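Peer 1: Here it is, the structure in full.
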Amino acid sequence: MALEVLEALDSARTQWYHVTAIVIAGMGFFTDAYDLFCITTVSKLLGRLYYFDPSTGKPGKLPNNVNNLVTGVALVGTLSGQLFFGYLGDKLGRKKVYGVTLILMVACAICSGLSFGASAKSVMGTLCFFRFWLGFGIGGDYPLSATIMSEYANKRTRGAFIAAVFAMQGVGIIFAGLVSMCLSAGFKASYHAPSFHDDPIMSTQPQGDLMWRLVLMIGAVPAAMTYYWRMKMPETGRYTAIIEGNAKQAAADMARVLDIEIQAEQDKLAEFKAANDYPLWSNEFFTRHGRHLIGTMTSWFLLDIAFYSQNLTQKDIFPAMGLIDKDFEMNAIQEVFETSRAMFVIALFGTFPGYWFTVFFIEKLGRYKIQLIGFFMMSVFMFIIGVKYDYLRNENSHMFALLYGLTFFFANFGPNSTTFVLPAELFPTRVRSTCHALSAAAGKAGAMVGAFGIQNYTQKGEQKQIKHAMMILAVTNLIGFFCSFLVTETKGRSLEEISGEDGRESELTPTPPNNRVPTRQEPRSETM
């Protein structure tokens, strides 16, 4: 059984409102990526500015615990925000809490740049406080954007639309490198300084304190630009009909968006809801969806260990690849410029294409195949880097850069995209946002393993440590490959068919007997 409003959404041709939804939701992910990854470009500058000790004879460096907090605290906030807003998205509505996440992102991006204090410790403490709440807002964007896009899209292009929203993360990473590169180039040209080797004191320009603040605050701009349009979006038809039980409002909203006439079918909706009223934490849910939830959570957890380790430790690996000079050969702002430039190049030629390959091929190859291919290829390239690390570092840095870039490509033309898409499709409407939040939060738990574990291990930039880290990540990706067998293909099917909400039984989403949709000839069974 399918409601007319749901069939209309599934069969709708691609229209302008689909494009606007992608842009509005996608700009949130642009901001998310920019805010999460721009800290990588300026963290070494923070060390030079606030933690320089002349007695060491080396440029200032953030202590391990401070570095882990500055780069990783936003991930803790993101995990918390995913669970909080994901739950509210199912209880209050996707739209009602969608604007709150954006307000948090704008306010905390600005406040991060205004971090204050009389000592280095207090400045870093204030920065960490605001970046936690920045991450909290970012976290809410994950389940809400994915759920909204999946519920707006038609079944033929749903995967491509959700992937396109997520692909804006790649644009955000590029801009994190580009903005830092442009600002540091301007400051470098305006405020000349010797290298650390020539003058340890004068090599750190005091104007760098303004520069890192500008880098962080610029993240507020794209989010602020989309707030009005985000508030103008109607609630999704699936939420209004299936969760609120208001078939008339759902039909009216979607008829206006699709520019067609849709019947309300309130009586049919009552039967639909009665067949799907089991709670999230129930035996019935785990019978029907437990395997998929375990699959989406474990694969995202393992993927983010590798993905965030790569992104957050780039600044430590770039010197080993020969992409930037040694720190004592540069002044503070020059180091930001070279780190940002290397990050921009890797993102432009490795990260960015992978996202859009997924957009273009997800409806042809399917989510499942792309995820398996991505995990496997990441494991292969990281294993090669780990085994041949000494040769690549000392004799063939260009091949090192190519292999490293390919790991980013197959992360994004692979599990980094599909782990975002699949939880938005596999689960029933009334728990879709929560299940996506649980999967995404598992991912951020993996990101924290990368940020606090792998990053801490590689921070000194020693060859042996980076080599071992690559081997660990290769094994992590291989485990992710096998965990991917717990999920299933969703392309070309309606959300209700995938989740079993329409009453049809499938091999992968069994419908327990007491939850069959009652016909007019038989009495309805008691619902558990």
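In case you wondered, yes, glycine gets a Cβ from its N, Cα and C as well.
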Peer 1: Check whether Swiss-Prot assigns D90 and Q463 to the same side of the membrane.
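Peer 2: Going by what Swiss-Prot records, Q463 is on the opposite face of the membrane from D90.
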Peer 1: Can you tell me which of these residues Swiss-Prot lists as N-linked glycosylation site: N416, N456?
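Peer 2: When Swiss-Prot is consulted, N-linked glycosylation site appears for N456.
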Peer 1: Determine which residues of the chain contact the transmembrane segment (372-392) at the Cβ level, with the cut-off under 8 Å and only residues 6 or more beyond its ends counted.
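Peer 2: 299, 303, 306, 365, 399-400, 403-404, 406-407, 410-416, 418, 463, 466-468, 470-471, 473-475, 477-478, 480-481, 484.
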Peer 1: How about long-range neighbours of the topological domain 'Extracellular' (118-122): same chain, 6 or more residues beyond its ends, C-beta under 8 Å?
Peer 2: 50-51
Peer 1: Any chance the transmembrane segment (402-422) and the transmembrane segment (293-313) have 3 or more Cβ pairs under 8 A, given the pairs are 6 or more apart in sequence?
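Peer 2: Contact confirmed: at least 3 Cβ pairs fall under 8 Å.
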Peer 1: Any chance you could find the range in 159-179, 209-229, 434-454, 468-488 with the most Cβ pairs under 8 Å to the transmembrane segment (19-39)?
Peer 2: 159-179
Peer 1: Go ahead and report the DSSP secondary structure tallies for the topological domain 'Extracellular' (118-122): helix first, then strand, then coil.
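Peer 2: The topological domain 'Extracellular' (118-122) comes out at 3 helix, 0 strand, 2 coil.
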Peer 1: Six or more residues beyond either end and a Cβ under 8 Å away: which residues meet both conditions relative to the transmembrane segment (123-143)?
Peer 2: 28-29, 31-32, 35-36, 39, 46, 50, 62, 66, 69-70, 73-86, 89, 97, 100-105, 108-109, 111-112, 115-117, 420, 433-434, 436-437, 440-441, 444
Peer 1: Based on Cβ pairs under 8 Å, which of the stretches 69-89, 97-117, 159-179, 293-313, 434-454 lies most in contact with the transmembrane segment (468-488)?
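Peer 2: Most contacts with the transmembrane segment (468-488): 293-313.
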